[in-house]
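Worksheet for the structure shown next.
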Amino acid sequence: MNKKFTVGVLAFQGDVSEHIEAVKDAAKKLRKDVDVVAVREKKDLAGLNGLILPGGESTTFYKLCQREGIFGEIKKIRNILGTCAGAIMLSKNARNKTKDQETLELMDIEVARNAYGRQNESFEAEIKTSLGEMHAFFIRAPKITRVGKNVKVLAKYNGEIIACEEESKGKYYLALAFHPELTTTLFHEHFLRRIFAAPRP
Ligand code: GLN
């Protein structure tokens with residue numbers, strides 16, 4: 001039987017509809033049945049095979065996750081893709097956090113919020129990744145300043161790590177400093193392939 005998979009997109013702010021479309025397109029390319037749900041409250045997390053934390057403002061994500069009582073629940077999800085603010089959320093250690101901000105501390109990476117600086121707040125570039133070349137938007141992007149020994153680097157730009165993944169103890173995390181949902185489905189396909197291959201909960 002063709003088992004159906006469900007992927008959630010945290011839907012407080014950011015490119016929610018773009019991520020939903022990217023997951024649907026990626027699933028179509030992989031010829032798999034995937035449901036996509038917008039996650040706003042606890043009940044939306046039930047039965048998810050994976051979750052996408054989009055870009056936006058990591059301080060706001062933290063506050064809204066706390067308000068909805070889902071911060072701790074998100075930590076239980078086995079497969080998480082975090083882009084930009086979502087990558088900050090995934091990190092064990094984030095520099096330049098606001099004083100009342102916390103991260104999920106799931107992935108063994110250190111990030112520096114807003115590290116590309118003010119003049120350079122946003123830029124676009126052609127990037128080479130281990131999944132292929134693509135156009136990428138960096139919007140007040142964080143720098144990934146350190147990765148743990150189990151973290152695999154998937155792309156660098158100007159010497160900086162901009163994409164990496166970690167698999168350990170049945171958990172899989174994928175962190176991107178840029179916004180793939182605007183230009184490509186390659187990372188969504190990669191994330192879905194990982195979900196399809198993972199042992200069932
Ligand atoms: N600067 C934002 C933060 O600190 C991230 C920007 C983005 O997600 N595009 O959360």
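In case you wondered, yes, glycine gets a Cβ from its N, Cα and C as well.
TrEMBL entries are annotated by machine, without manual review.
Between the candidates Arg31, Arg95, Arg113, Arg193, TrEMBL assigns the L-glutamine site shared with Gly56, Glu57, Ser58, Ile139, Arg140 to Arg113. Glu57 (L-glutamine binding site) sits 13 Å from His179 (active site, charge relay system), counting Cα to Cα. Contacts of Glu181 (active site, charge relay system) defined by a Cβ separation under 8 A and a same-chain sequence distance of 6+ are given as Asp15, Glu18, His19, Glu21, Ala22, Pro54, Thr83, His188, in order along the sequence. Among the recorded positions Glu57, Arg113, Ile139, Arg140, His179, Glu181, the residues whose Cβ lies under 6 Å from any atom of ligand 1 are, in sequence order, Glu57, Arg113, Ile139, Arg140. Apart from the site residues Gly56, Glu57, Ser58, Arg113, Ile139, Arg140, the chain places the Cβ of Gly55, Cys84, Ala85, Ile88, Asn114, Pro142 no farther than 8 Å from the centroid of the site's Cβ atoms, the recorded L-glutamine location. For the pair formed by Arg140 (L-glutamine binding site) and His179 (active site, charge relay system), distance between Cα atoms is given as 11 Å, rounded to the nearest Å. All chains included, 23 other C-beta atoms sit within 10 angstroms of the C-beta of His179 (active site, charge relay system).
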